[in-house]
């Protein structure tokens with residue numbers, strides 16, 4: 001397959017380099033990724049300044065382009081302007097740390113995959129689910145095997161797979177689980193500090209809230225050393241609430 005690879009940790013990050021080299025064993029890989037880290041940029045795109053593309057070498061077999069933009073920018077630019085062949089799959093990652101629960105709302109990694117989905121390409125976001133000890137090799141090996149097993153062309157439109165791989169050796173993975181997005185989120189707070197000139201600034205911290213009791217969630221799967229595979233959708237309408245809201249606001253109309 002012709003695969004476009006991006007990330008939000010930056011084109012020099014180990015995760016994307018390990019991923020690109022592993023995928024290049026069986027596929028044609030084009031890397032288009034931010035020139036610096038763009039973590040937690042969400043689905044931002046650049047519309048007021050130009051985008052620059054600098055060719056770089058990623059591993060031994062892969063051509064890459066460093067972009068002064070976001071992951072979503074990279075996917076747009078890669079598909080529409082840089083690639084001289086048809087992109088068949090977008091892969092975003094390997095992210096350093098998990099993208100579970102509400103992480104996906106902020107994640108540049110997940111947004112890169114969702115941008116691919118919006119552009120009607122099968123898309124995957126993949127994360128090594130440990131900030132302190134990410135097992136990029138495990139995640140890369142898993143994805144290469146997964147692509148041999150799963151036909152990405154069967155994915156419905158505007159859908160991406162959010163994959164979180166536990167931070168263990170490949171032999172220790174118990175398998176995979178198709179999961180739902182958990183309610184894992186954060187209780188945020190800000191610490192007020194002063195710079196050397198006496199000016200106030202704020203540094204954000206967050207405590208993880210894991211109050212989702214279900215065993216079918218992304219977090220529950222990763223906790224038990226299963227790879228979590230969650231189908232996510234580009235459109236965010238709450239279909240379950242629509243009938244009730246319609247009745248309350250429109251009545252019989």
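Using N, Cα and C of the backbone, Cβ positions are placed for all residues, glycine too.
Worth saying up front: this structure is predicted, and the values here are computed from it rather than measured.
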Candidates 68, 95, 99, the one Swiss-Prot lists with 8, 9, 39 as binding divalent metal cation: 95
Candidates 39, 95: member of the binding-site residues with the richest Cβ shell (10 Å): 95
Winner by Cβ contact number (other Cβ atoms within 10 Å) across the binding-site residues 8, 9: 8
Divalent metal cation site shell beyond 8, 9, 39, 95, criterion: Cβ within 8 Å of Cβ centroid: 7, 10, 13, 15, 37, 38, 40, 71, 96, 97, 107, 108, 109
Residue 95 (divalent metal cation binding site) - helix vs strand vs coil (DSSP): strand
